[in-house]
Each structure stands twice: as C-alpha cells, then as structure tokens.
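K.L.:
Please find one structure pasted underneath; my questions will follow.
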Amino acid sequence: MKILSGKQISEADKYTIEHDGITSEELMERAGTLVFKQIHQRLQGAPIPIKIFCGIGNNGGDGLVIGRHLIQHGYDVKLYTVAYSDKRSEDFLKNYEKIKDITNDWPGLIKEVDDFPEISVGDFVIDAIFGVGLNRPIESWVAKLVTHINDSGAFTLAVDIPSGLFDDQPPQGSVIQANYTLTFGAPKLVFYLPDTMDYAGEVQVLDIGLNKRFIAGIDSRTYLIGKQEAPALYQPRNKNSHKGDYGNILIAGGSYGKIGSVLLSATAAMHTGSGLCTLYVPKCGYEIIQSSLPEAMVLTDENEQKLSDFPIDFEADTIGFGMGAGTENESITAFEKLLQNQKKPILVDADGLNMLSKKPELLKLLPENSVLTPHPGELKRLIGEWENDFEKLEKARNFSKKFNVILVIKGAYTFILQNEELFINTSGNPGMATAGSGDVLSGVITSLMGQNYQPVAASILGVFIHGLSGDLVASAQGYEGVTSGEMARNMGKAFQYLFQKEIKTGGKE
Ligand SMILES: NC(=O)C1=CN([C@@H]2O[C@H](COP(=O)(O)OP(=O)(O)OC[C@H]3O[C@@H](n4cnc5c(N)ncnc54)[C@H](O)[C@@H]3O)[C@@H](O)[C@H]2O)[C@@H](O)CC1
Ligand SMILES: Nc1ncnc2c1ncn2[C@@H]1O[C@H](COP(=O)(O)OP(=O)(O)O)[C@@H](O)[C@H]1O
Ligand SMILES: [K+]
C-alpha cells in the first residue's frame, strides 16, 4: 500500500469530488460513518461515556458526523467544539446544523482552560481536533487541552491523525497520545517512524473511496508492506528442480564466544530454502557447527579465534558477512579480501557494518546492490548522528545512492531503502527484541538472494517473513518466549502463513 502525504491525500480528495460525482459533504459523511462503524463494532452498544473533541475544520466535521451516528445509536455522547478561532469550515457548519435535528444537547464550547470538561480514565475520547490541515504547532490553551486529554489516561481514538502530529515533519508542540488511529485513504509516514509511532498507537486505514486511478498515479515511492503486498514477491519452487537451483551461499563470520551468530544465520538460511549453505568461520567454530547443523558445510580460517583470511576461490552465489565477526584488524583484512574479489551483491550485517564504519574506504568496494542490515546503532556509525527521523531518512537515502546499496534499517518497523524507494515492514512484534534476531534476518535475506531473488525483493520479502516467523513463535509462546533459534526454525511455517488469510502481523497494520 502506498504511503501518502496529507497534501497528496487532499489532492486525491479534490479529484474524487470533481470526477466521481460526490460532494465534499458526502465524502465527510462516508469517512465519519466508517469511523462510527468501527467504534460500534467494538463497543456493541456499551454504555461507556464518549467525549468527542471537535476542531472547527474538516477534522472537527468528521467528529460531528461520528457523534451524530453514535447518538442515533443510543450511545452516551458529549460533543465539544474546540474553538481555536472564529472561522468554521463549510462542512463543519453543515454537520453542526445536523446535530440540532437529533439532540437538544448542543456541543459544549471550549474557548479557554476553564471550559475543559473533566475526563475520567474510563471515558472513551475521540480526538477530532486537528487533522492533516495542521500547519503550525498547537499552542496556548489548545495545547493545555491536549495535555488534559493525555493526562486523563482515557482510551483515545484519533480521527485521521493524532492532533498535533504533522504528516511530513517532526512534531514541535503538544500531540495527542492516541491508543488507536483510524486514518483516511492511506497510511501516513509518521505512524511508522520510531520518534512518532507511539502517538498513533495501533493504526487502521479506512478506504473512503478516493479515486483509485488517481491514487495509483500519485508519485509516492514509499510503501507499507503487509500481507497484501509480500506474497507477490514469492517465487514458487519448481517440481523439476534440484538443490543447485536454490543457491549455494556462504555465511562468513563468528569469533570465539560468538559462533552462535553465524549458526543462527545459517540455520535460518536452511529453513528459508537454501540449496547449499557453507559457513566460513574461525577454527573454534568447526565442531560446534558440524554437530549443531549437519545440513551445512564448514570451511575454517587458519586462525583459531577470529577470521583472518578469506577463501576467494570458493564460488558462492552470494555471501552473508559479518555476524559475530568482531572488528579486529585481521578480520577487517579478511573482509577487504572478500570485497576485492566479489562482483555479485552480498549482504553485510553486524560487525561487517562496524568494519565499514571503522574503515570507510571499504565502502567503495561494495558490489552494487549489496544489502546492508544495520540496527540504529550500526546505522549511526555508518551515516553519523541525526536530529530526527526525517533527517535520518535523508542521510540514509544519500548513503544508499552514493554507494549503490540497499539499506535495511531494523526496528519495530523495519525500513528497506533503495535510492528514492522506501518499503516499511509491518510484520513482527516486540518479542523479537531478543539476541540473535538480527542474525536470523541476515540468514533469511542471504538465502533469498542466493535463490535468485533481486536483492531489494529479497530484503522486502525476507524482512516480512522474518517478522511473520516472530509472530508465529509469539502466538505459540508469548512475546517473552520468543527466541531467535525458534524464529530460524519456524521460517518454513512462515512461508506457509504467507498465503493464509488470518496471518496475525503483530497487530500493526
Ligand atoms: N479525503 C480527505 O482528505 C478527507 C478529509 N477529511 C478530514 O479533513 C481533515 C483536514 O481538514 P482541514 O483541511 O479542514 O484541516 P484540519 O481540520 O486538520 O484543521 C483546521 C484548520 O486549522 C488551522 N490550523 C492549523 N494548525 C493550527 C494551529 N496549530 N492552531 C490553530 N489553527 C490551526 C488551519 O487553517 C486548518 O485548515 C482530514 O484530516 C480529515 O479528518 C474528511 O472530512 C473526509 C475526507
Ligand atoms: N519491537 C519490535 N517489533 C518488531 N520487530 C522487532 C522489534 N524489536 C526488534 N525487532 C526485530 O528484531 C531484529 C533485531 O535485530 P538486531 O538488533 O540486529 O539483533 P541482534 O544483534 O541481537 O541479532 C530486527 O530484525 C528487528 O526488526
Ligand atoms: K485528529
């Protein structure tokens, strides 16, 4: 699904009104009704006090539509107008009039702090103060109202976007801390960035019937990857095939005390369908790997404890390098030797990335379309500090362009970035915040690259499947029970789940 900016959504809104024979009032009615239906489905008529805070623009208009339907269905609703100026949008006014027809209880007018209603922790708050029309930080008493709502501890549903959050820049003032966001037309980038994702809580996109052809034509290269998108990347296996068709990969890394990392990568690679998998490790890893993973082959370095050389005559389809390798000079020399002899894209993870940061001249040697999989700490070492997520994305994009590589920025939502394109993964869960989880991911992506997936497709599908495996393990054992070894061993099941409708993707889509 495309991620769109507020401006792009407004354009789609305008186009739909002009071409699809629908008025802006009808579109607002549709949007508000969809929100009402979601609430009604969950509350099932429960007598919970609902407090709706409506701004005076179209977001506020949505709030009035939602309120009207809730009142008509017998809910205990109190509407408030947050009158931050004397202007009112046209559709707000039309819906304000309609409230008169169904209740004598006019919306309460809030113009200053003294007008704030009490909000109990058991109330259900609907935030329809500002939508994507926000063009400056929320200030004065409206900012205090936002804090008042946040401090109440009441469950808060944001309409379209939590008030105070910009869709295309970091927040500056007060922002509604929502538990749930029902957003219109398309997801917005800020819902997935580490600095701002917590404001939105769980996000659901409502299809309000914006013109599909127009949306398809919008130039957005940012996509959300979920269960609709990922299966299309899968390459089915042929009946008429043999192990040579599914890649001969090399996983290189490990050091004394950290052989587990490459073992996890290789285990994941085998369960992702690799035809042949060889590990290249220091001598101390030999017995550990041979006895733990008999499916894999092992080549050993001369050095007992760390990599010091690289077997350049080994012909692998692709290489996954760096997990648990340490950053000793000898090991950097080994990496340099690899890079000088490798033309096809490789994957670099963990200490491989730290080696690139330690010796940046190696970056130029990376084969085109190689995949780098940093977590935020490794990314910082590669591209430098950033002030906010937007600056981070810009720096990462420049880095990807400069060195012709794909960046897989790991996190609660993992970002896969190549040039102007950005893919945001939605599978996975907090149980995956556990040692070795990243090693598993590097094995999965290396395996797919070895199976002839284009590096960017291998990264997108690999990250999604990796998260799916984490979701499968979590659904069986709870978040705390997730281990990376279990994730590696469940990769095959994750492929099966890719094509089943009821996949639970961490509830984040
Ligand atoms: N397809 C769509 O885009 C649809 C949009 N709708 C709703 O319309 C919303 C956008 O509505 P509007 O453009 O009227 O804007 P908002 O309702 O988000 O904001 C209202 C106005 O407040 C002013 N303002 C902005 N920042 C302020 C600040 N910090 N302090 C005081 N005033 C400020 C601006 O002049 C803005 O136009 C969407 O978020 C959505 O909820 C829906 O009604 C239906 C369809
Ligand atoms: N809260 C979370 N939700 C979803 N995925 C997560 C979460 N925390 C971590 N992950 C995933 O787990 C992996 C952790 O990788 P990394 O930090 O490299 O771990 P390690 O170095 O222990 O292998 C990444 O793929 C990341 O996306
Ligand atoms: K809002």
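Backbone N, Cα and C atoms are what each Cβ position is placed from, and that goes for glycine too.
TrEMBL: automatically predicted annotations, no manual curation.
Annotation source TrEMBL lists (6S)-NADPHX binding site at 58-62, 131-137, Asp160, Gly324, His375, Asp439. According to TrEMBL, the K(+) binding site annotation covers Asn59, Asp127, Ser163. According to TrEMBL, the feature AMP binding site maps to Lys410, Gly411, Ala412, Tyr413, Thr414, Gly438.
For the listed features, I'd like the structural context: burial, neighbours, distances.
P.N.:
In the three-state DSSP classification, Leu134 ((6S)-NADPHX binding site) falls within coil.
Over all protein chains present, the Cβ of Asp127 (K(+) binding site) has 30 other Cβ atoms lying within 10 Å.
Remark: Thr414 (AMP binding site) has Val408, Ile424, Asn425, Gly428, Val463, Gly467 as non-local neighbours, by Cβ distance under 8 Å and separation of at least 6 in sequence.
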K.L.:
Are there residues of the same chain, six or more positions away from Gly60 ((6S)-NADPHX binding site), whose CB falls under 8 angstroms from its CB, and which are they?
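P.N.:
Those within reach of Gly60 ((6S)-NADPHX binding site), by Cβ under 8 Å and sequence separation of 6 or more, are Cys54, Thr81, Val82, Ser89, Phe92, Ala128, Ile129.
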K.L.:
Mind running the binding-site residues Arg136, Ser163, Gly438 against ligand 3 and keeping the ones whose CB falls under 6 Å of it?
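P.N.:
The ones that qualify, in sequence order, are Ser163.
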K.L.:
Starting from the Cβ centroid of Asn59, Asp127, Ser163, the recorded K(+) site, name every other residue in that chain with its Cβ within 8 Å, sequence order please.
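P.N.:
For the K(+) site, the extra neighbours are Phe53, Gly55, Gly60, Gly63, Ala128, Ile129, Phe130, Gly131, Ala158, Val159, Asp160, Ile161, Pro162, Gly164, Ile176.
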K.L.:
Of the binding-site residues Asn58, Asp62, Asp160, His375, Ala412, Tyr413, which ones put their CB under 6 Å from ligand 2?
P.N.:
His375, Ala412
K.L.:
Out of the binding-site residues Arg136, Asp160, His375, Ala412, Tyr413, give me the one sitting nearest to Asp127 (K(+) binding site) by CA distance.
P.N.:
Asp160
